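Can you read through this structure? Questions will come right after.
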Ligand SMILES: NC(=O)C1=CN([C@@H]2O[C@H](COP(=O)(O)OP(=O)(O)OC[C@H]3O[C@@H](n4cnc5c(N)ncnc54)[C@H](O)[C@@H]3O)[C@@H](O)[C@H]2O)[C@@H](O)CC1
Ligand SMILES: [K+]
């Protein structure tokens, strides 16, 4: 599991550790890791031209000490001081005694133009708001130079706690972060500014519950349901799909496709697309009448392509088993019924649906995805999976938000969400909790999207078709 902690938590852990260590020791650990990462990125350190962008805080201090280390190994290092009168004093002394030079911002253009590597030490976790104008100008010079950009702790200009980017920000090829990931390094849009992230251990003791976590292969493998020797189809989980309409039968077919590949023992389908579903998947049990009359089901998926059939949504929500609500279902569900449910509820909105649920603009959801997903989970007492280029999953009762690391732009294709809802529904029916079902589903779905596409457009059916292979990969 990859974990991220908020700025407040990081600062508290830093204070505790600094109290035990000699003055400056923590910054030396950070600078040593930073210098080593830069050295790895450069073809050779000796003779490399390194430029440090140095702001007024300790983030600039890290850059100065790391620059001093590289200068001692023969790099030509120049620091550009954004606030010369407030530069980290010890760092600047170290830099000068290593034989490197410092210039003010207005002398930056010629050195930046010739740089091989630029270290961004403008701001770290102390930054607020986007880059200020002089820093933004400097950063556009860096972009024009084509130099490799290494962000110190996080790209300057991105919000560490939320992943928002409120103005200009540094676009880094790599980020060297200290102690723990910061939430912004796992969430877009900030994530897309960070490049490859390297974590440097500086010895912080952090609380066991992070603010954010991202499942990795092994975590997903451990969560995948496996049929035991005594499993029959009912014990493996029966998932009910209440989806599709005369206008949108395809949504039903795709949700069923996701459910069948999600390890369900059996899939029941209720709705007007039964013929279309059976034509593709003869193994599905179809039922006429309301979902509640369909027989035993361990979890329901309701909503994809359901049109205006509010009665089908209400009937599903009245059942005391886990329910995943998607698409039209999100518009039709009664919020007070959602809040009053005792069995787990999972909502899977995209940004537009999330905006409608919260009564805010789509833009405000897009720019503040972490706060939006947390708010939704709290307001509807449900696990919420917010789709996007990094899908987020927030638990109903608060706690770490899961970030899906396997997203793929190829998944932005019609019907791909229907496959995801069926897949997550099957995982719910197999007994996974809401957060695990949603985050494992998102993980597999992302991998399936990548595998189905592998460089060329793929349809939602292709994504469903790729699920067995990624399941095998993850388990293997
Ligand atoms: N506290 C510690 O012992 C350690 C801190 N470390 C480094 O210290 C950083 C935090 O240092 P600070 O708390 O000094 O904060 P920062 O260096 O992140 O930034 C604070 C300074 O930047 C200015 N500033 C804020 N927003 C700005 C903006 N948008 N544009 C330009 N300037 C802006 C502020 O006025 C303040 O002077 C971490 O990110 C990390 O890089 C590491 O050395 C590890 C150890
Ligand atoms: K930085």
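Including glycine, each Cβ sits where the backbone N, Cα and C put it.
Curation plays no part in TrEMBL annotations; they are all automatic predictions.
As the structure is a computational prediction, the values presented were derived from the model and not from experiment.
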Of the candidates 116, 120, 188, which does TrEMBL annotate as part of the K(+) site that also includes 59, 156?
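So, going by the record in TrEMBL, that would be 120.
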In TrEMBL, the AMP site includes 387, 388, 389, 390, 391. Which of 368, 415, 417 does it also list there?
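Of the residues offered, the record points to 417.
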Which chain neighbours of the AMP site, leaving out 387, 388, 389, 390, 391, 417, have a Cβ atom within 8 Å of the mean position of the site's Cβ atoms?
350, 386, 392, 404, 407, 411, 442
Using only C-alpha positions, which one of 59, 120, 389, 390, 391 is spatially nearest residue 128 ((6S)-NADPHX binding site)? These are the binding-site residues in the record.
59
Going by a 10 angstroms cut-off between Cβ atoms, which of the binding-site residues 61, 388, 417 has the sparsest surroundings?
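Among the binding-site residues 61, 388, 417, the sparsest Cβ neighbourhood within 10 Å belongs to 388.
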Near ligand 1, meaning Cβ under 6 Å from any of its atoms: which of the binding-site residues 58, 59, 125, 128, 153, 391 fit that description?
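Cβ under 6 Å from ligand 1: 58, 59, 125, 128, 153.
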Look up residue 125 ((6S)-NADPHX binding site) in the DSSP assignment and report helix, strand or coil.
coil
State the Cα to Cα distance, in Å, between residue 59 (K(+) binding site) and residue 388 (AMP binding site), rounded to an integer.
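So the Cα of residue 388 (AMP binding site) lies 31 Å away from that of residue 59 (K(+) binding site).
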Given 59, 125, 387 as the binding-site residues, which ones have a Cβ positioned under 6 Å from some atom of ligand 2?
59
